[in-house]
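Listed features, source Swiss-Prot:
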- C15, C99, C198: [4Fe-4S] cluster binding site (BINDING)
- H44, H77, H127, T168, S226, S227, N228, S270: (2E)-4-hydroxy-3-methylbut-2-enyl diphosphate binding site (BINDING)
- H44, H77, H127, S226, S227, N228, S270: dimethylallyl diphosphate binding site (BINDING)
- H44, H77, H127, S226, S227, N228, S270: isopentenyl diphosphate binding site (BINDING)
- E129: active site, proton donor (ACT_SITE)
Amino acid sequence: MNGKTIILANPRGFCAGVDRAISIVERALEEFGAPIYVRHEVVHNKFVVDNLREKGAVFIEDLAEVPPGATLIYSAHGVSKAVQQEAAERGFRVFDATCPLVTKVHKEVARLDAQDCEIIMIGHKGHVEVEGTMGQLAPGKMLLVETVGDVAKLEVRNPDKLAYVSQTTLSVDETKDIIAALNARFPNIRNPHKEDICYATTNRQTAVKELAEQCDIVIVVGSPNSSNSNRLREVAAGIGTDAYMVDNASYLQRAWFEGKNKVGVTAGASAPEVLVQEVLATIRRWGHETVREGEGAEESIVFVLPKELRREGETKPDLCKR
């Protein structure tokens, strides 16, 4: 034993929303056969998407690419009202793989709009979840802020009829700063009934923060277009620890580990455990012999499939409590 240790973050990897979204595509392929069309990558992970593509899933961005009467699945990130309307007009058989926690934000937007509140969204411009959430209302009806600096530039109709919602995969710490700035500038702004950042994002960021405090280097398994995976790397780096994000083990560089005794490994919510194990095997070959699991929050949430795709024993409620 050389004292070189790998610590695995807990929790890590797939969350309930990702599990559900992947299962919807797989079950639809089993029930209806290929091809099954999916608007956008069902989750942001190359390995997962490539695997589903091999099984017969076709990933598209424009509904014009989908033939009449075909089966269409919305990605876990959600879609706008305009996309839903177009899908209905084209007569597709639709299954909605939107994460229920994203759907919760969509419902909050509808409720606030019905109360004539102007809504601010905290999120990253261009991210598919942000496009879907802001697309719950007509273009221009919601305001987007990405940074604390954006808050000072906001022009609102009525500061007393104002509310905010958040993208579910943001940095917990950075979002707190933006929320503080919003509350400072608009004292009467309405906060969500419950934090929009999802339990899995929060738990994984807490775990990687603890990991970074113990380790000399942190490896995050996740694809470059995965928001929550990028945030994990940023959180670890923010502690002052060397942090790298890799899509799979082939992206690892041996030089990163020179002089590093403790290596932390985690994975974004859309990264499968098989990729973590491949990363682990590579690092072990390079001399880190001891592996141990870190401690963290236990997760037992399960989101069930749409009723049309459920099998015997797969019943409501949608949310099984932790």
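Positions of Cβ are set from backbone N, Cα and C atoms, glycine also.
Keep in mind that what you see is a predicted model, and the values were worked out from it rather than measured.
Here the features listed in Swiss-Prot are painted onto the structure.
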{"residue": "C15", "record": "[4Fe-4S] cluster binding site", "Cβ contacts under 8 Å, 6 or more apart": "C198, Y199, A200, A269, E299, I301"}
{"residue": "H44", "record": "(2E)-4-hydroxy-3-methylbut-2-enyl diphosphate binding site", "Cβ contacts under 8 Å, 6 or more apart": "S223, N225, S226, S227, S229, S270"}
{"residue": "H77", "record": "(2E)-4-hydroxy-3-methylbut-2-enyl diphosphate binding site", "Cβ contacts under 8 Å, 6 or more apart": "H40, T98, C99, V102, H127, V128, E129, G132"}
{"residue": "T168", "record": "(2E)-4-hydroxy-3-methylbut-2-enyl diphosphate binding site", "Cβ contacts under 8 Å, 6 or more apart": "C99, L101, V102, V105, E129, D196, I197, C198, T201"}
{"residue": "N228", "record": "(2E)-4-hydroxy-3-methylbut-2-enyl diphosphate binding site", "Cβ contacts under 8 Å, 6 or more apart": "T169, A200, T201, R204, G222, G268, A269, S270"}
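Per the record's binding annotation for isopentenyl diphosphate, residues H44, H77, H127, S226, S227, N228, S270 show a top Cα-Cα distance of 15 Å. The dimethylallyl diphosphate site is set by H44, H77, H127, S226, S227, N228, S270; from the centre of their CB atoms, other residues of the chain with a CB within 8 Å are V43, V128, E129, T169, N225, S229, G268, A269. Excluding the listed site residues C15, C99, C198, the same chain places A16, G17, V18, A76, P100, L101, V102, T168, T169, Y199, A200, T201, A269 with Cβ atoms within 8 Å of the centre of the [4Fe-4S] cluster site Cβ atoms. C198 ([4Fe-4S] cluster binding site) falls outside any helix or strand according to DSSP and counts as coil. Around E129 (active site, proton donor), a 10 Å sphere centred on its CB holds 26 further CB atoms from the protein chains shown.
Across the binding-site residues listed here (S226, S227, S270), the residue whose Cβ sits among the most other Cβ atoms within 10 Å is S270. The Cβ neighbour count for C198 ([4Fe-4S] cluster binding site), using a 10 Å radius over every protein chain in view, is 26.
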